[in-house]
Amino acid sequence: MAPARAGCCALLLLLLGLWVAEIPVSAKPKDMTSSQWLKTQHMQPSPQACNSAMNNINKYTEQCKDLNTFLHELFSSVATTCQTPNIACKNSRKNCHQSHGPMSLTMCELTSGKYPNCRYKEKHLNAPYIAACDPPQQGDPGYPLVPVHLDKVV
């Protein structure tokens, strides 16, 4: 009887571990719309050092995010990207849009540490980006479409 119980508990712990591992590091907080979360994660009109900027993001998940890109633009500028022609996203949805041209951005890549002591290296560049856009949700600005996901840097 005891070995069967031990096997059951081990299986339960394994399943629990797999379930916890599936929670994405960039999971959107429940009290934010997708657009608000994009603004929190990726909008930074005035560049900041990655180590301090990433602390503001990592506190939501209490994990070190591996990679993050900050766009040094106002939300209104990124929202105008949603007015460019639709293109396919990495996930094959057709709600992505490419920026009008290169934009100033910073890429932060995790180099070491465990939360809350995450350490990042930064890379500054000017490059176009692709963002996914959707109709606004309650609490979003009143644009016809709002950016909800930074799909990639081109």
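Please read every residue number as a count from 1 along the shown chain.
Cβ from N, Cα, C; glycine included.
Positions annotated as signal peptide by Swiss-Prot, on the basis of sequence analysis: 1-27.
Of all Cβ atoms in the shown protein chains, 21 besides its own fall within 10 Å of the Cβ of His42 (active site, proton acceptor). Under the heading active site, proton acceptor, Swiss-Prot lists His42, citing similarity to another entry as support.
The disulfide bond annotation in Swiss-Prot covers Cys64-Cys118 (among others). Secondary structure at Cys64 (disulfide bond), taken from DSSP and collapsed to helix, strand or coil, is coil.
Annotated substrate binding site per Swiss-Prot: Lys65, Asp66, Leu67, Asn68, Thr69, Lys90, in sequence order. For Asp66 (substrate binding site), the Cβ neighbour count at a 10 Å cut-off comes to 12, with all displayed protein chains included.
The Cβ of Cys133 (disulfide bond) lies under 8 Å from the Cβ of Thr81, Cys82, Asn95, Cys96, His97, Leu145, Val146, Pro147, Val148, each on the same chain and at least six residues away in sequence. The DSSP secondary structure for Cys133 (disulfide bond) is strand. Here Swiss-Prot flags Cys82-Cys133 (among others) as disulfide bond, drawing on similarity to another entry.
Cβ neighbours of Cys89 (disulfide bond) (same chain, under 8 Å, six or more residues apart in sequence): Asn95, Cys96, Ile130, Ala132, His149, Asp151. According to its DSSP assignment, Cys89 (disulfide bond) is coil. Annotation comment: Swiss-Prot describes Cys89-Cys96 (among others) as disulfide bond.
All protein chains included, His149 (active site, proton donor) registers 24 other Cβ atoms within 10 Å of its own Cβ. The active site, proton donor annotation in Swiss-Prot covers His149.
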Chain-internal residues, separated by at least six, CB under 8 A from Asn68 (substrate binding site): Gln41, His42, Met54, Ile57, Met107, Cys108
Residue among binding-site residues Lys65, Lys90 with least C-beta crowding, 10 angstrom cut-off: Lys90
